[in-house]
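Record features, source Swiss-Prot:
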- Glu105: active site, proton acceptor (ACT_SITE)
- 111-350: domain 'Radical SAM core' (DOMAIN)
- Cys118-Cys355: disulfide bond (DISULFID)
- Cys125, Cys129, Cys132: [4Fe-4S] cluster binding site (BINDING)
- Gly179, Glu180, Ser211, Ser233, Leu234, His235, Asn312: S-adenosyl-L-methionine binding site (BINDING)
- Cys355: active site, S-methylcysteine intermediate (ACT_SITE)
Amino acid sequence: MSEQLVTPENVTTKDGKINLLDLNRQQMREFFKDLGEKPFRADQVMKWMYHYCCDNFDEMTDINKVLRGKLKEVAEIRAPEVVEEQRSSDGTIKWAIAVGDQRVETVYIPEDDRATLCVSSQVGCALECKFCSTAQQGFNRNLRVSEIIGQVWRAAKIVGAAKVTGQRPITNVVMMGMGEPLLNLNNVVPAMEIMLDDFGFGLSKRRVTLSTSGVVPALDKLGDMIDVALAISLHAPNDEIRDEIVPINKKYNIETFLAAVRRYLEKSNANQGRVTIEYVMLDHVNDGTEHAHQLAELLKDTPCKINLIPWNPFPGAPYGRSSNSRIDRFSKVLMSYGFTTIVRKTRGDDIDAACGQLAGDVIDRTKRTLRKRMQGEAIDVRSV
């Protein structure tokens, strides 16, 4: 369990009420205890909030009137609002969601046997990966718990409503939207706890995936806080290329990153012993057969499956998407070494909802020095 403190600063709304979406179950029970109520009352309210996407205390019919009145005085259930919706020809839906005076983007991806929600963890991103649209927006701030779990809540409510008739309920959540989740552990972990909680969304830990570009101290900390599936944004077979396209590699190189991944796998049950490697395919940058051989050698001691991601363009980007033939040759080399290798099907690129295309609406781009300071505060690891 995470140990984020429930304080007026991090859960109180502008009108002085506690937003219950900011509280995981442990914190919710503490809140109800302070109200003089039994812990099971907290569980009842959570069930209404997440099983039925209910944000009106008066509709919680198994909660007595006195408690409902008390809750209306001191608390609320306020999820961020959708301000724009775009639908792709392939069924993907992208929502622009208001967080204060800015926006983040959340993507719903339906498939035959599942529906995946791609969730953002920050407004913008500080890591400056060269092939990613979000990185070009700069970093503004971390999202609160209510703004992270609120994306899932809002999407579940929309999908369950008549306006999205026929859409599958959300079965998987991936922390692969805007931002680096490990730079916002204090909010991301409680939000994921709610995703997993039986009184929350009740998802399997194998169906909640966190993706990271390699903030090593925070990855070590994550393994002591929660067990979820892990995906890593590797994107290069050597430090020379990765230094260029994923600048955090200059601080935590590939060897250091993969060692941390193996430490996480030793603690984790959710990953079933292997990590997902994400590898964006950039034309004549990292997609040659020689790169595939290097990657196979690099990963020989790391149990994994490999997702090859055709790069999704955005205005002003200096790269091109690898051709299908180059991707096919790359994939065949990896499979010849025995690696499970999947070429990710591009979804939602006609509405800029594909991997690496999320941008949101980030204002007042933060200066590099402030971003570095915020990174350290966000994960509470002074050595970062």
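Just so it is clear, glycine is given a Cβ too, placed from its N, Cα and C backbone atoms.
Given the structure is predicted, the values throughout are model-derived calculations rather than measurements.
Scoring each of the binding-site residues (Ser211, Ser233, Asn312) by how many neighbouring Cβ atoms lie within 10 Å, the top position goes to Ser233. Here the candidates are the recorded positions Glu105, Cys118, Cys129, and by Cα distance the one nearest Glu180 (S-adenosyl-L-methionine binding site) turns out to be Cys129. Of the listed binding-site residues, namely Cys125, Cys129, Cys132, the sparsest CB environment within 10 A is found at Cys129.
For Glu180 (S-adenosyl-L-methionine binding site), the count of additional Cβ atoms within 10 Å of its Cβ stands at 29 [all protein chains shown]. The closest partner of Leu234 (S-adenosyl-L-methionine binding site) among the recorded positions, by CA position, is Cys129; the full candidate set was Glu105, Cys118, Cys125, Cys129, Cys132. The Cβ neighbour count for Cys118 (disulfide bond), using a 10 Å radius over every protein chain in view, is 28. Cα separation, Ser211 (S-adenosyl-L-methionine binding site) to the residue listed as 'active site, proton acceptor', rounded: 16 Å. For the pair Cys132 ([4Fe-4S] cluster binding site) and Asn312 (S-adenosyl-L-methionine binding site), the Cα-Cα distance reads 9 Å.
Secondary structure at Glu105 (active site, proton acceptor), as computed by DSSP, is strand. Among the residues Gly179, Glu180, Ser211, Ser233, Leu234, His235, Asn312 said to bind S-adenosyl-L-methionine, no two Cα atoms are farther apart than 19 Å. Same-chain residues at least 6 positions away in sequence with a Cβ under 8 Å from that of His235 (S-adenosyl-L-methionine binding site) are, in sequence order, Cys129, Phe131, Arg242, Ile245, Val246, Glu278, Tyr279, Val280, Asn286. Among the recorded positions Cys118, Cys125, Ser233, Asn312, the ones whose Cα sits within 10 Å of the Cα of the residue listed as 'active site, proton acceptor' are Cys118.
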